[in-house]
Amino acid sequence: MIAIYPGSFDPITLGHLDIIERGSGLFEQIIVAVLCNPSKQPLFSVEKRLEQIRHCTQHLTNVTVDSFNGLTVDYAKQKQATVLLRGLRVLSDFEKELQMAHTNQTLWDGVETVFLATAKEYSFLSSSIVKEIAKFGGSVDHLVPPSILADICSSYPSP
């Protein structure tokens, strides 16, 4: 069974990596799918995010990394994936993700959404929080994979 783990991953966090690693034990293949959203101004280009995620997941033989435009369910059909993998941190995540899961099923009844509860040490963590801390010169080394720390630091010069 193939699962898609979609997101912006701008940047990938240890919370994302935790979901990828745990998901890799549940599914034959996981495709980490970076959404190209032209309406957002990302910190890192799609190409850079793909490179970062590939580096962070190179130890997982059943994980591939790709990018896509458009609807997630259309991408899932194209890749013959029947599962969308999502991480849940807090109750508000569940409400939003459940609504999206129902929407996706109205678009394609061949897809299921599987939710994994985020490990408690990452329950507060998001890419937005990482960027906010880094912007003001705070340490993010306990929030992101070590291999992307230099990328983040170079994006936010010291104040």
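Just so it is clear, glycine is given a Cβ too, placed from its N, Cα and C backbone atoms.
Same-site candidate for substrate binding, as annotated by Swiss-Prot with Lys40, Thr72, Arg86, chosen from Ser8, Ser24, Ser123: Ser8.
Shown are the binding-site residues Thr72, Ser123, Ser127; of these, the residue with the fewest other Cβ atoms within 10 Å is Ser123. When the binding-site residues Leu88, Glu97, Ser123, Leu125, Ser127 are screened for a C-alpha within 10 angstroms of the C-alpha of Ser8 (substrate binding site), the residues that qualify, in sequence order, are Ser127. A helical conformation is recorded for Glu97 (ATP binding site) in the three-state DSSP classification.
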